Each structure stands twice: as structure tokens, then as C-alpha cells.
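Comments concern the structure below.
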Amino acid sequence: MKLRNKSNTQASIEMGDYSSAQHVDIDEVHSPRAGGMNKVALLPLVFLIFYEVSGGPFGVEDSVQAAGPLLALLGFLVFPFIWSVPEALITAEMGTMFPENGGYVVWVSSALGPYWGFQQGWMKWLSGVIDNALYPVLFLDYLKSGIPALADGLPRIAAVLVLTAVLTYMNYRGMTIVGWVAVLLGIFSILPFVVMGLVSIPKLEPSRWMVVDLHDVDWNLYLNTLFWNLNYWDSISTLSGEVHNPKKTLPKALFYALIMVVLGYFLPLLAGTGAVPLQRDLWSDGYFSDIAKIVGGVWLRWWVQAAAAMSNMGMFVAEMSSDSFQLLGMAERGMLPEFFAKRSRYGTPLVGILFSASGVLLLSWMSFQEIVAAENFLYCFGMILEFLAFIQLRMKHPAASRPYKIPLGTSGSILMCIPPTALICIVLALSSLKVFVVSMIAVIIGLVLQPCLKHIEKKRFMKFSTSSDLPDIDSLTNNSTLLG
């Protein structure tokens, strides 16, 4: 790896920010991209992260049904510190260390080797596609009260196909369009809950927030709801190559998005549980629109329903962008056939978008609960690999250049990963047998798929290549450690 220096003959070595280890500054890494394409700025990036993780309070209602108001409110206050903050911090450090579209695939490959990097990519891509299959269905679920024909049958199937095609085309047209669409949809989705919170103030009864019955808690539903609504912070890493100055922009965007996500969940829950008498069995997907009608009237209910529909669109385009650019990043690293790295004239990964859209259509028949449980299971496996990669790189290459570094030493980094790892084990243990079997089949397919692709590459049935614009990972870490 060529090192940055004034005379081009000697590397510049300077003291690290948070430890006594020295490090060397390494040339900016730019992911190969179509010439003349605009990169994503800070504001669109914040809203893309918002939609990767949240999209608004739609889907948090099940937490009240599962555990009651008090545990639901505490969950969305405490859970971010156990899970979201560590995941966002790791994403900021690793994403700025490797600012390219492979994202977490590159992190795991650099620490554990390309085989496990491929497994990380397979499980994360599959969990993302499973997650994305949910959004066209939810979009129509919010509209069917006004348009009953969309409830089932041929009209619903046609609507899913058309909606998927339209949203896929937005991704094809470029990240700049996707980013600003996310901003507009985000503002439209958040505003009705601001209004609902204000009009609910006269009706609030704080005693309703304190209701809890520990003998009547569905822990599986409760934890899966929290986990699903507060994960996927690392998904933005697969877009790092499309971000303007990712080494500075990415940590800022993650910080602002974290605040936005937590407040976007907690405040609507506070208003809904405090302004309306508790009926736990009614707290299911879409109940916020009923609360809006109770506290504000029919007009506010329609606004919340429209916001929910738009939010699902935003989550779809954000997730598909992440999934498709991940495939492009893997192809640039030689893990997938070269045709996955081909870009459209708008700079977008055309083949990756088509593969992701096809997966969405194939999986759209699954139920909401099955989708959430299956994606959580696969996502947990991927996060274990990420935590291992993070700790491994901290231990083996402490002097590697990290534009953003979590202000913790090796021991502190290990301790930070213990609570989310324990949570992963609980989520996996509570999974149903059906979800376990289906997810393990998916994992086994990945374990076999990587050697098959290597055989195809060896026999030259398909062309594989590593982009010359990307640095060699081993050289990056080894040179930094040696010179430090």
C-alpha cells in the first residue's frame, strides 16, 4: 500500500488519538464508481440511516401488546444503550477504516479471512432481502382500509409487483435521488407524530405509563420487536463508497440518526400509551392510526396512515440500496462474479438491484412474524462475526489508521461487545423450531456456496476480478502495524 508523504520517500508517522500506539495515515480509499456521479452528503445520509434502522414508530406497537406500557417505554430507552450504541460505534470506526462498498464484508474478511467474509455477506444480504420483502406488503396493509380491493387477490398481487418495480427504478436512478427521496419521505413520516404528541398533551395520564405485569409478558415477541426496530446500523457501511468524505461524514450521520431514531420511537409511545386507555390486545401493527383518530380525529388518522405508507417506501429504497451495493462491493473484492460489479449509467449496481428485487418478490409470501424472526436469526449470526472482527483487528492491528476510533482500549472494546452478544444469544434461544430450521438451511447454503464459487473461478466458467482501485487489505493492516 502506497503511503502518503510529502517527499514520496518516507511515511509520515504520528501519535494515535486514544492510545499510545502510533499509526500511519493511509491514502484515501475511493470505491470505483461511474465518473461524474454525485456522492451522498450528510443530511441525506442521516435519513438513509434512519430508514435503514427505523422509518418511524410503525411496528413498535407489538412491544406494548407483548409486555405492557412500562416495559415498552423502558425497552426503547435502555435497549439502544445495550445494542444500538455499540453497533453504531463499531460501524463508525470500521466504516471509516474501510470506506468502501463492501462494508462489513471487508471488515470480516480482513480479520477472519475471505471465507468468513463471504459468509458475512451471504447472511447479511439474505436478511436484508427478507426484511425488504415486508415493506410492499405493509404499504398495502395501510392502504387497504381506504381501498378494500388491495386486501387480497389479483389486485393485491398486481399492486405488489407495480410498487416493487417503481421503488426498484428509484434505486436504479442513483444514490443522490434515493438520498433526497429519503429526506422528503422522512419529514412527511415524522410530522404527524409531532402533531399527535402535541394534541395528546391534555389527555395524558402518567399513571398509564406505569402499568406492568411481569407474569404476563411474551418475551419472544417483546425482544424480537425491540431487536427488529433498533438494528441494521451497520447496513449503511455498504454505501461508504458512495458517501462524500465518509471518514468525517459517516460518524456524524450515525450520531444524528441515533438521536432521531430513539426519539422517533419513545415520544409516540409516550403519547399513545398515556393518552388512550390501555387495551393490550389492540396494540398491533397499525394501531397508531387508531390512536391518531382518538386524540386528533379522522384527518390525523389519514395522515398517519399516509405517513406509514410513505415510510415503508423509504425503508424499501434504503434497504435495497444497501443490499445491492453490498453485492457490488463483494464483486469488487473478487468474492462474486465480475458482472455484479457492473454499474449503470447512473452509477448504480444494476445486477445487484435486479437480484435484490427478485429476492423481495420471491419472499413476499411470508407473514410479518416469520419475516421478523427469520431475518433476526440470520442477522444475529452476522453480528457475531462483526464483533469478532472488530476485536480481532483491535488486538492484531492496534496501529492501523482509524480516522474515527472508539475511545476505549482493547479491554473496554471487549466489554462493550459483551451485552449485545448476550442479547444475541437470548434472541437465538427464543427462536421457534421452524425459524431455526429455515435459517440453518440458509446458513448451510452459504457454507457450501463459497467453495462452489471458488471452483467456478478456478475452472474459469465465470470471470472474477479484484478492482485495482481498492487497497490490499493485508497490506493495509500489516504495513500500518509494522511502521507503527
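Each position is counted from 1, following the chain as shown.
The backbone N, Cα and C atoms fix where each Cβ goes, and this holds for glycine too.
Here is what TrEMBL says about this protein:
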{"type": "TRANSMEM", "residues": "40-60", "note": "transmembrane segment"}
{"type": "TRANSMEM", "residues": "66-85", "note": "transmembrane segment"}
{"type": "TRANSMEM", "residues": "97-116", "note": "transmembrane segment"}
{"type": "TRANSMEM", "residues": "154-172", "note": "transmembrane segment"}
{"type": "TRANSMEM", "residues": "178-201", "note": "transmembrane segment"}
{"type": "TRANSMEM", "residues": "254-278", "note": "transmembrane segment"}
{"type": "TRANSMEM", "residues": "346-365", "note": "transmembrane segment"}
{"type": "TRANSMEM", "residues": "371-391", "note": "transmembrane segment"}
{"type": "TRANSMEM", "residues": "412-430", "note": "transmembrane segment"}
{"type": "TRANSMEM", "residues": "436-453", "note": "transmembrane segment"}
Next on the checklist: Any contact between the transmembrane segment (178-201) and the transmembrane segment (40-60)? By contact I mean 3+ C-beta pairs closer than 8 Å, pairs at least 6 apart along the chain.
Outcome noted: yes
Item to check | For the transmembrane segment (346-365), sequence-distant contacts whose Cβ falls under 8 Å of one of its Cβ atoms, 6 or more beyond its ends | outcome: 33-34, 37, 125-126, 128-130, 132-133, 136-137, 160-161, 164-165, 168, 171-175, 242, 320, 323-328, 339-340, 371
Item to check | Criterion met for the transmembrane segment (254-278) and the transmembrane segment (412-430) (at least three Cβ pairs under 8 Å) | outcome: no
Checklist entry - For the transmembrane segment (412-430), what are the same-chain contacts with Cβ under 8 Å, counting residues 6+ beyond its ends? => result 82-83, 86-87, 89, 219-220, 223-224, 227, 376-377, 380, 383-384, 387, 390-391, 394, 406
